[in-house]
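**Q** Quick one: the structure is below, questions incoming.
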């Protein structure tokens, strides 16, 4: 649990593994997922590493599995997924896996080739069947001497016959075939132009689509027959058919031959249909058998590939019998890692135990925050801004509370919060079945990944909605209103500006037990005025407390890294500046709420005498005296306020040069003292001056290698010039002073979005749902049903989804900029351990994409 507040302590270790046991040990570490290996061969080409052949074999096996997966999905066969992850097989099992995959691929490819050849033959016979059936009508017309054939024959008679010369019988040749239906118009035009109208084309559509054997698509084709005279036209017609990829088939001239051919074609089609069915059944049986093991095969191959890829990061020792690795490990899991290494050694049958030694290093270790399914989403929000520096305070545990709460301040509605909370609760309760579906919808994956955030945002919104007493722009009168009226209905309806007197009998002088009084929800004119003042003040209060908390979180960083200079030169003046100005302003708000009321006996503390907090703060900063001519009212809330405010402003202003100059001056003085500090005498065995030089060089090297964390939390200044230090400190001082003002104003977005959300809910009620409630009778029931459906869609789509997304983004900005800027550097890099679980998840997501 400690790593949630601060990242885990990491150690760089050196690992010695015997070559025979390396595979099994790395496999155990992959199952554990707690070791991040470093590449010890950065200059070696990927194709020149030791285990490149094994990686290639794994790539080839994965290719074959993807081919099997594609064929299984093509047939719609479900793949068995038990959810279990089998262990990585031993290296000797790779040969069996390769043989199995090779056999399945060859068998499947052979079946597919045979099936494609049979389908192509089946297609040709089917097209020939349609040709014999469709063209029979054309031949019947020609033999019967019908009008169409006679006109075609006259068109083909030569010019000499028209001059009165004798003409022999006209012999017409023909070709028949099929063509894609969309190519037929262009095909007909080309025939007419190329043959100059000396051919006659008849065509008929094939009603049923035909299957293309190459890709399985359904295509529509048409049968055609072309009559012509002479060999020259025959050659030209065949070339045109070839150019349009039309398929020509032999068609006998004699009717008896055509009938015999048709009968033979039908017989062959029936035989082919039987053979095709048997081929498809055999293919289906092969794929069903493969589908039962495909998921496990993928897991095994990917684990083997990951192991050999990791082994390629190792170095061989001089004996070529030991592999050397360097890795980052969490100190808390050191014993667990050693147990896993011993288990891997026992599995491999090796007698040489592995050696895991801790190394001294001056590198910045990776940042590792241990999370679970609840805290993972909040940690992801923080890491999206920047990974924490090593051992830096982690904002995630505080974000678990502050993030949904600040969201709820902007989204405060009991009804809308209930919708969001129920949606989040449904995802939490159905977590396992929803996660097993592994949807590739990116929006759904974002919602499901943040299910706990959505649930908490909904619950907190229900709480703030109860405080605001706002449910779909209406109020709940649970405890009974403290306000009452003695006016009749006609007086109230005719006088919209009628107000209730809080000093008289209209108010019971006891506030509503929890939240806002429901009477404010029906106030026609001053509801916005009242809620404006209330929500604006609580926004400033929450903002100042949130920023002040961020500054105090930074104190834990300074104390952990033992950086007293930053505590005295930055933290203390920052706290004084923020407390003496902005926290004092929030205290004035509480004083105003407590001391001033409509029922106050002292006139000076009545509601009309309450001074403006904003004007008071502006006069305080400008050292401007308030207007004293206010009658019985006092411009001050308590005695000595004027002197106290001047003192606070003066001290706050003195904090600016404190933050600006104190740290650079102390650094400069420390360097001067170090320069004048006498060096202890040192000499080597010969007593010469070289020993002194060696001593100085060694001391300088040690100081230069001091980790950045020990030099002030990652902000060391040893190598910086004094001018750079002054500029750096000036930038931080200006950023903090001006940021305190702008960040405080930035929290007013809590007030603005809360009012906007409430007003949108009221607009939807008044302009949509209220119209359905005004109708009477059975027509009113139907109208209410339709209007309610429309109102519900707008409520979910606009107020829950769009307004929720807007409030989420504003809350994210308040945490990233206003809160985390007070203490969070975010300059680290994430701990990325060698983990089979992570590798398999990324592989499955990439394969789905």
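Quick reminder: no glycine exception, Cβ is built from N, Cα and C everywhere.
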**Q** From the ranges 340-369, 370-399, 400-429, pick the one that TrEMBL records as transmembrane segment.
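**A** My reading of TrEMBL: the transmembrane segment range is 400-429.
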**Q** Looking at 603-622, 623-642, 643-662, which stretch does TrEMBL describe as transmembrane segment?
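**A** That would be 643-662, per the transmembrane segment entry in TrEMBL.
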**Q** Scan 500-518, 519-537, 538-556, 671-689 against TrEMBL and say which stretch is down as transmembrane segment.
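**A** It is 538-556 that TrEMBL annotates as transmembrane segment.
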**Q** Suppose you had to name the range TrEMBL annotates as transmembrane segment; which of 289-308, 309-328, 449-468, 469-488 would you pick?
**A** 449-468
**Q** Counting only pairs 6 or more apart in sequence, are there at least 3 Cβ pairs under 8 Å between the transmembrane segment (777-802) and the transmembrane segment (449-468)?
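**A** Checked: the transmembrane segment (777-802) vs the transmembrane segment (449-468), no contact.
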**Q** Could you give the residue numbers and ranges of same-chain residues that sit at least 6 residues beyond the transmembrane segment (449-468) on either side and whose C-beta is under 8 angstroms from one of its C-beta atoms?
**A** 373-374, 377-378, 380-381, 400, 403-405, 407-409, 411-425, 427-428, 431, 476, 514-516, 531, 754, 758, 804, 808
**Q** Taking the coiled coil (51-128) alone, what is its mean pLDDT?
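**A** Taking every residue in the coiled coil (51-128) and averaging pLDDT yields 90.
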**Q** Return the stretch with the most CB pairs under 8 A relative to the transmembrane segment (643-662), choosing among 400-429, 538-556, 571-591.
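**A** When the Cβ pairs under 8 Å are tallied, 571-591 comes out ahead.
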**Q** Same-chain Cβ contacts of the transmembrane segment (538-556) under 8 Å, 6 or more residues past its ends?
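**A** Same-chain contacts beyond the ends: 393, 395, 398, 402, 406, 409, 567, 571, 574-575, 578-579, 582-583, 585-586, 589, 740, 743-744, 746-751, 814, 818-823.
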